[in-house]
Amino acid sequence: MRPSERAPDVLRVVTLETGVNRYAEGSCLISFGHTKVLVTATVEENVPGWMRNKGAGWVTAEYGMLPRATHTRGRREAALGKQSGRTQEIQRLIGRSLRAVVDLKALGERQISLDCDVLQADGGTRTAAITGAWVALRIAVNYLLEEGVLKTDPIVGQVAAVSCGVFKDTPVLDLDYEEDSQAEADSNFVLTNVGDIVEIQATGEKRGFTRGEFEQLFALAEKGIGELFVKQLEAVSAAKPR
């Protein structure tokens, strides 16, 4: 039995609230159970120096945790003077995941930055950030299309992510912190709505895991992400015009 009493193939309660930042071109507050991540999308009419004069845009992401997002207070990375390796890894993952479903040439020479701030962490912050970031990005691009800034939609699909793991020898979907801290193996899956794999991170924590267990984890991820795609579209559809 899982601590949350969920069945192995059941997500936590997932909500996506849009329009939570009045200034950003797109915003989304996503919750996976007690994990809460605020994502804002900012459109800038320029690109990084290495992208100039290439006729294409860029999508990037930053990720951070509020000091009391976890059980004990952590110092702000700005106060420490540098980002941790974990932070850099996660924000690169978010950026890669979003660019997998964006035609950068259709975006034109502009950049969209997704800022992902973890308000509360209870496992799965990176997967929540990816899933919520797509919603914020979609809303921002819709705004550019409505304003006539873009003539062609640069977003070519959906992307979402979820964690899976082996908990007490049972493959389960969407681990919370209690499960993740005790799991024999854990993984993160990033998939598109046409079934393409963007990234899979899988690690044996307390033991190795079998090919059969991996395939069960993959099947759970496909099921969970399929449900997330529906929730993403519902959130975008319900978003009020800026």
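Keep in mind that glycine also has a Cβ here, set from the backbone N, Cα and C atoms.
Summary of the site annotation: Swiss-Prot records phosphate binding at G124, T125, R126. Screening the candidates R76, R86, R99 against this entry identifies R86 as the one listed for that site.
Neighbours of the phosphate site: apart from R86, G124, T125, R126, residues of the same chain with C-beta atoms within 8 angstroms of the site's C-beta centroid are Y63, I90, V118, A121, G123, T127, A128, A129. In sequence order, F32, T35, V162, S163, D174, L175, D176, D180 constitute the residues six or more apart from G124 (phosphate binding site) in its chain with CB-CB distances below 8 Å. Of all Cβ atoms in the protein chains displayed, 24 besides its own lie within 10 Å of the Cβ of T125 (phosphate binding site).
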